Amino acid sequence: GNYKISPGHLAVLEILKLVYSVFPGTSRSSVTRCKPGANCPSSHSGISRQLSPLSVTEDSSAPILELQNRGSSGVCGHRVERQNRSADDGTQTHSENSSQENRIKARCLSCTSMVLKGIWGLLIILSVSSSWVGTTQIVKITYKNFYCPFFMTWFSTNWNIMFFPVYYSGHLATAQEKQSPMKKFRECSRIFGEDGLTLKLFLKRTAPFSILWTLTNYLYLLALKKLTATDVSALFCCNKAFVFLLSWIVLKDRFMGVRIVAAIMAITGIVMMAYADNFHADSIVGVAFAVGSASTSALYKVLFKMFLGSANFGEAAHFVSTLGFFNLIFISFTPVILYFTKVEHWSSFAALPWGCLCGMAGLWLAFNILVNVGVVLTYPILISIGTVLSVPGNAAVDLLKQEVIFNVVRLAATIIICIGFLLMLLPEEWDEITLRFINSLKEKKSEEHVDDVTDPSVHLRGRGRANGTVSIPLA
């Protein structure tokens, strides 16, 4: 209905508006309409609550409490930050310690592997040189009663068939996941291509390498009839120089001046070796046979790299065994022809020196296995060092047997060929490695010189500045 608002109520409303404008957080629900003549306790209590001095004090003290809370929280925050920093520092130091331990373990493992490789390398060097020296000396002993070099070559090459069975036996003894012989054979036959070993590839790829293998060994045995074991083994070391020259011409390998020098040294040693016996007929023929053996060996290696690329141990074992099968199937007619034509004839099979023949073939097989195993177990350069060490080994045996008299020319030729062989073993980046090594030595010497010349007071002043207090100008 119609009703009139008393002046008192208007005054109360004006006061409420004023309070609401001063304290915007005051809720509108606290202001209620009252009918005239009705009691409004809630409104009065709301008004008294809003205008009580305590409430004003609480509201006005809220920012102060907030500041105090912020201040206390700031102090606590600094403490928490310090604790967090100390915890972070602890975790960082722990992680640094663990990383240092991991580095130390990695270094220990690398040092252990290097030591093991070095030990294996030493054993491989001795085994390779001993097997090659033994093969050469047994051939010389066999020649005293039995001279059939092609039959000896054919017989020893047939033993290559056992290379893959020896490899598979090692696989069964060492591998965790063992494979069947046929599966392993197919896996290793990938050296011939993705399709494996087919009859076409067997004839196409195996025939030239088998012929080169037979020629290399046959010429080596022919040279041993004309020359001493020391001379033949030294001349055979020239194959490294021939490999470089053929690789440079055929494979377009990088030109290296030091290897050209090594090749020239090898050729010089060959000429001096022929001159050592005043160019005697047997000496010249023997040198020609030895150089021919080194040349066919180099051609074998270059063609292998060209057509087949690099091979792992299993593929090499498969390939050498395949050469043995090819030799047994297709080259067996040659010693038969030589036997019936009286070129290489013997009275009966019982008269053959089977002990020497089996010893020669076994050591030759061991040499080929060790060369391929050594590449897996140790550094390839050590295999070459083992080969060149056969020269002093044969020289020692020849001196004990009193079969050779070293004159100055022969000794100089042997040393020159061996030096040329060792120069061939230098890596392609040998000049850069040498320059880096020289520069590192120069830097170390300069640092030591600077440390000696520097005044110790400078270090003390530097430490005082680093560890002293820093003065901040007042505003």
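Keep in mind that glycine also has a Cβ here, set from the backbone N, Cα and C atoms.
Feature annotations, courtesy of TrEMBL:
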DOMAIN    120-274  domain 'EamA'
TRANSMEM  114-134  transmembrane segment
TRANSMEM  146-168  transmembrane segment
TRANSMEM  202-220  transmembrane segment
TRANSMEM  232-251  transmembrane segment
TRANSMEM  257-276  transmembrane segment
TRANSMEM  283-304  transmembrane segment
TRANSMEM  316-340  transmembrane segment
TRANSMEM  352-371  transmembrane segment
TRANSMEM  377-397  transmembrane segment
TRANSMEM  404-426  transmembrane segment
* **Interface check, the transmembrane segment (232-251) with the transmembrane segment (352-371), three or more C-beta pairs under 8 A** => no
* With the transmembrane segment (202-220) as the reference, which stretch in 257-276, 283-304, 352-371, 377-397, 404-426 has the largest tally of C-beta pairs below 8 Å? -> 283-304
* **Long-range environment of the transmembrane segment (404-426) - Cβ separation under 8 angstroms, sequence gap at least 6** => 228, 230-231, 234-235, 237-238, 240-241, 243-244, 256, 258-259, 261-266, 268-270, 272-273, 275-276, 381, 384-385, 388, 391, 395, 398
* With pairs restricted to those 6 or more apart in sequence, evaluate whether the transmembrane segment (114-134) and the transmembrane segment (316-340) have 3+ C-beta pairs under 8 Å. => no
* Asked: Which value does the mean pLDDT take for the domain 'EamA' (120-274) in this predicted structure?
  -> 89
* Asked: What parts of the chain pack near the transmembrane segment (377-397), using Cβ distances under 8 Å and only residues at least 6 beyond its ends?
  -> 117-118, 120-121, 124-130, 132-133, 136-137, 228-230, 233-234, 237, 240, 370-371, 404, 406, 414, 417-418, 421-422, 424-425
* Folded-back contacts onto the transmembrane segment (316-340), same chain, C-beta under 8 angstroms, at least six residues removed -> 148, 150-151, 154, 157-167, 185, 188-189, 191, 197, 202, 206-207, 209-210, 213-214, 308, 346, 368, 372
* Structure fact -> In the same chain, residues at least 6 away from the ends of the transmembrane segment (352-371) whose Cβ sits under 8 Å of its Cβ atoms read 124, 127-128, 131-132, 134-135, 138-139, 141-142, 145-146, 152, 155-156, 158-160, 162-163, 166, 217, 320, 346, 383
